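**Q** Look at Swiss-Prot and you will find 175-187 tagged as compositional bias 'Acidic residues'. Under the heading compositional bias 'Gly residues', Swiss-Prot lists 205-228, 235-244, 315-343. Here Swiss-Prot flags 246-258 as compositional bias 'Pro residues'. Feature annotation from Swiss-Prot assigns phosphothreonine to Thr24, Thr215, Thr220; the stated evidence is a large-scale study or a structure entry. What Swiss-Prot lists as phosphoserine is Ser38, Ser140, Ser187, Ser190, Ser229, Ser232, Ser248, Ser254. Summarising the annotation, Swiss-Prot assigns region 'Necessary for transcriptional repression' to 30-234. Under the heading region 'Necessary for interaction with CBX2', Swiss-Prot lists 230-406, citing similarity to another entry as support. The feature motif 'Nuclear localization signal' is assigned by Swiss-Prot to 201-204, with sequence analysis given as support.
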Amino acid sequence: MTTPANAQNASKTWELSLYELHRTPQEAIMDGTEIAVSPRSLHSELMCPICLDMLKNTMTTKECLHRFCSDCIVTALRSGNKECPTCRKKLVSKRSLRPDPNFDALISKIYPSREEYEAHQDRVLIRLSRLHNQQALSSSIEEGLRMQAMHRAQRVRRPIPGSDQTTTMSGGEGEPGEGEGDGEDVSSDSAPDSAPGPAPKRPRGGGAGGSSVGTGGGGTGGVGGGAGSEDSGDRGGTLGGGTLGPPSPPGAPSPPEPGGEIELVFRPHPLLVEKGEYCQTRYVKTTGNATVDHLSKYLALRIALERRQQQEAGEPGGPGGGASDTGGPDGCGGEGGGAGGGDGPEEPALPSLEGVSEKQYTIYIAPGGGAFTTLNGSLTLELVNEKFWKVSRPLELCYAPTKDPK
């Protein structure tokens, strides 16, 4: 089957684009007019798109008229990409290329000494590489020094875990005779108007008169009894203070808290506790790692201490008081009658605090304001707050005497 002649002629016709139809040839400059060209635009015109360097042995594609270095375009065609690197037009082989000596002559006219130009380029590249390496080295050294300083500062500021467990509710039990040597100093430092601090739990031989705990009825912070008796100073040291070690020197920074502080309201159970003199609301501030057993032990110590203080204040003539048969306000015990020395009758034995246990009181919580839930003694206050409370106000707990303490 033969192809018509008009079809063959149509296939050989070059269809012009709209731009090609409207373009006009530029007039040649025949006089001595000079046109200034910027180095940037000149470099972009003389640069090979493959090696990004000045064209060398220029080869031009026959289809799209793009220029490349001879070695660059031949290597590109050998790699299997049979297309123009600039416009992706199909290039069958090296036959689709032609040399462009006119462009080489133009380059040699602009840059007469090609070797000098290449040597200058090499010097610039070497200098840039050296400066870049020096800057990278200096920046790396500075970054390393900065990281070392930061890690060193973190090691210095890192708190020692468990360093302040002695004065919080979660602290261990001290020896029974720790407060005997400095009774007056400790009792004076633990006055109710001293600086607040979390000290709900006290050593086994002491009380719980810390200034961070307030009561609805105005809890006492120490014993104000007879100054002439020998055991009043001991009681003041063991009951009023609560510090388990030598005092910190003035100006020394206090150790950081092991956990976040938790404020809680301690109320008597409305159904299990009868109204009495020891059923006031108590406000406690302590750390989150304190447990429910710590609260129970603190409550038992606090109530036992208050009863002991009231027993001391309620005796006729006071502890070690003078003549109680003379009558008058000075003769009835309390804080005023204890200054007479040891001439009076022998002081009766006061109730001991050694038998105080965390089993004497049970702690409850009402999450929704309804039913009360008994708290396990091993739970921490932080866990209780997250599990049962979940509101942004002080934790509210209730206490009641244990019916059958074991």
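Cβ coordinates are placed from backbone N, Cα and C, and glycine is handled just like the others.
Let's see these features in context: how buried, what's close, how far.
**A** Just so you know, the Cβ of Thr24 (phosphothreonine) picks up 5 other Cβ atoms within 10 Å once every protein chain is counted.
Cβ contacts within 10 Å of Ser38 (phosphoserine), excluding its own Cβ and spanning all protein chains shown: 8.
Secondary structure at Ser140 (phosphoserine), taken from DSSP and collapsed to helix, strand or coil, is helix.
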**Q** Helix, strand or coil at Thr24 (phosphothreonine), per DSSP?
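**A** In the DSSP reduction, Thr24 (phosphothreonine) maps to coil.
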**Q** I need the CA-to-CA distance for Ser140 (phosphoserine) versus Ser38 (phosphoserine), whole Å please.
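**A** Taking the Cα atoms only, Ser140 (phosphoserine) lies 39 Å from Ser38 (phosphoserine).
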